[in-house]
């Protein structure tokens, strides 16, 4: 039985088999529907949306907010971004190939998400096939190569990355990145001349799909260090075409106004190096733990700020424990060095944003090559103690990545889509009928994040319903209390015990790195927000006055707040009266129960 399994894993048909297996495993996600950014992309292809600014064309749908201050002002006036958005906030990505692929979908079959999911699944199948081809080049036609390919294809960490339609850019980036690595290796180790041109060409296409393709450089560097047999200058020359492409891309990226600034979702390594280094020190261990074990990295954003240090210590300890156990059984050869170096360095670009397992496509290539080597390696040369540790590590990896992973893949694929998609559906369904009136303003006193109300309105608009003139979101409160005092017929005095934008859900558009000042005013159509006082550390507003042009009881103001799992009407207190709202339970809000 074992011998037959070994032969099957070493078969030449393994790349095709794992690709087909990936299709079968992800088939249930065909009904997952639209999630988060998918709604934004759907509406961006309507002429009235393009008139507001943002994308320059079908090739540019990931330009959410660039340096155009007029566009920022219009977005704030509409309420698609909150009143506390930093004036230099930017969130725009150069992803023309992925954008054009989405444009094809939304132009031809905008109401057929199953077709779009099928395209994502097909892309991942191609990626699994390419990974298998790389493993066979690196490890030969061996059981080890087959194991690595199988683990990559059935890894539950890929669940959301494949299921989320808008994440297709990362799939394209990985497909082209893996193709570049395969061509480069064949050129350098087999003398295949076309690889000298095909490798850089594939890498360039990857960078035009998503900036995530920069992780390809990690493996090219690892290849030069561990596998290339030329001299130091020769190895540098080999990498120079890739470096030139990266430099040209970076210059164009900046010149065209792309990048991220002043928000909490992304940290720019070039313009905020200190913040990026701090983020990388925190996030790299989280990513490594998620790559090596079944613990999802996305849980990290729900760790309370006061417990971050303790949680990070636990994560580092666990990663160290797993790494030490793996080290006992890792073959001491150049290929292991290549896989380990590539896996770790490929995570550095991912550290610029919130931890999420969808960012583990590139690191999985090296990690599973290394893990498969541990599982398949002979342990005869090891001492008794090291042999026991190596066997234990191999058994744990088999349990994690060959037993649990395929069992978790489908539930994780569907649950992620259900949770994030369900939040928007419940938000849309619970908005009152008056929110559809074009001359009304929807005032959201409290919400689980900064996008639920906006995407809820977007969903209604796509369904053919009318939308309010504007949205005014007061706060996002996931801890402490929200105190609302009405000081006159047009004014609210709002105090958050833990301060505004105090968590990941509320600091997407502004963080403590872009502080507000006491007395600072933000004037929007129909409402002015004035910061009255700051948190004790002076980093964030704690008390803010909101003055409306209309009386607060005017029927043109539609008041709602989030209660448990949905929006409910909010009763504005009388003049001199106040209301105190408890923090939103994010687990209940997102899970819907």
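Using N, Cα and C of the backbone, Cβ positions are placed for all residues, glycine too.
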* **Range among 87-120, 121-154, 257-290, 427-460 that TrEMBL annotates as transmembrane segment** => 121-154
* **TrEMBL annotation (transmembrane segment) - matching range among 59-82, 203-226, 467-490, 491-514** => 203-226
* Under 8 Å, at least three CB pairs between the transmembrane segment (337-355) and the transmembrane segment (166-183) (pairs 6 or more apart)? -> no
* Rank 166-183, 203-226, 238-256, 361-377 by Cβ pairs under 8 Å to the transmembrane segment (308-330) and hand me the top one. => 361-377
* Taking the transmembrane segment (121-154) as the first stretch and the transmembrane segment (361-377) as the second, find out whether 3 or more Cβ pairs fall under 8 Å, excluding pairs closer than 6 in sequence. => yes
